[in-house]
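Engineer: Here's a structure for you.
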């Protein structure tokens, strides 16, 4: 192993079994867990995020869970700051940071760094949101393809948050998001370790998912149904009762939450809400797979295998993470 301390990434699509495997690893390795999930950061959003139970979190603490109120925003840049701080603390105690979750942008930002993008502009964002409502997301994707074809190729036409942000960057700065990132990458080469994406760790990257995509779809549908049985609608109803929360916030736009919110607003029937929630979760999983297919050096595990712990330990030994 190089002189860098070790770290483990445990990635994968939603409903693949990442948390269960991570907890098993903490029982046999000197690891501490860091959540890599843009929804788990929010307090009071437990059922719809499939957040580990209070009992599990007490026995197996996860950093970066329940750190924000749902009215607040959380960026990939802030995640990098928080995650690097947590990793440094864990390493200083002689333990291994084990990062687990499915927000692939956060992993990418941690490894490659983020370009310094212009700040959000409320007026521009409101104009783009109005266009999306009036003309549809397809029109926004068409506009993005004209000014930033590289970003348009990366961003799904049904991903409003990223579409709007990419167009916002262009309108505010006059430069595409791709141009910002390319300049940042050029400037970061040769930078000090830990800055601008030169992660000062030797990372073992693992991903877990069923080898049969149909099985993952079944797991997604089952989990969404279980969430509803556990009181997901009441959870969103409690959030909706707050005067400071609305459907445009990143927390409420999280998969599942926006569909239940629309149901409570009377825009969807109960069956439509459940169907759209499952579809949205499947689309999220598809995007996660897309990210993972381009991830260098990832070691895949089958969610249904009974020996994933031993396979993981064997792999970590082979790449000298445990030496």
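Each residue's number is its place along the chain shown, starting with 1.
The backbone N, Cα and C atoms fix where each Cβ goes, and this holds for glycine too.
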Engineer: If you look at how Swiss-Prot annotates this chain, which of 37-40, 41-44, 45-48 comes out as region 'Interaction with substrate tRNA'?
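Structural biologist: Matching range for region 'Interaction with substrate tRNA': 37-40.
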Engineer: Given the ranges 146-150, 151-155, 156-160, 161-165, which one is assigned the annotation region 'Interaction with substrate tRNA' in Swiss-Prot?
Structural biologist: 161-165
Engineer: Cα of residue 103 (site 'Interaction with substrate tRNA') to Cα of residue 13 (ATP binding site): how many Å, rounded?
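Structural biologist: Answer for this pair: 9 Å between alpha carbons.
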Engineer: Report the residues of the chain - excluding 14, 15, 16, 17, 18, 19 - with C-beta within 8 Å of the mean position of the site's C-beta atoms, for the recorded substrate site, in sequence order.
Structural biologist: 12, 13, 20, 102, 208, 303
Engineer: Any idea what the Cα distance is from residue 12 (ATP binding site) over to residue 125 (site 'Interaction with substrate tRNA'), rounded to a whole Å?
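Structural biologist: Here the two Cα atoms are 31 Å apart.
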Engineer: Counting Cβ atoms within 10 Å of each candidate's own Cβ, which of the recorded positions 14, 103 comes out highest?
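Structural biologist: Max Cβ neighbours within 10 Å, all protein chains included: 14.
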Engineer: What are the non-local neighbours of residue 19 (ATP binding site), defined as same-chain residues 6+ apart in sequence with CB under 8 A from its CB?
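Structural biologist: Residue 19 (ATP binding site) has long-range Cβ partners 52, 56, 100.
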Engineer: How many whole Å apart are the CA atoms of residue 15 (ATP binding site) and residue 125 (site 'Interaction with substrate tRNA')?
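Structural biologist: Between the alpha carbons of residue 15 (ATP binding site) and residue 125 (site 'Interaction with substrate tRNA') there are 32 Å.
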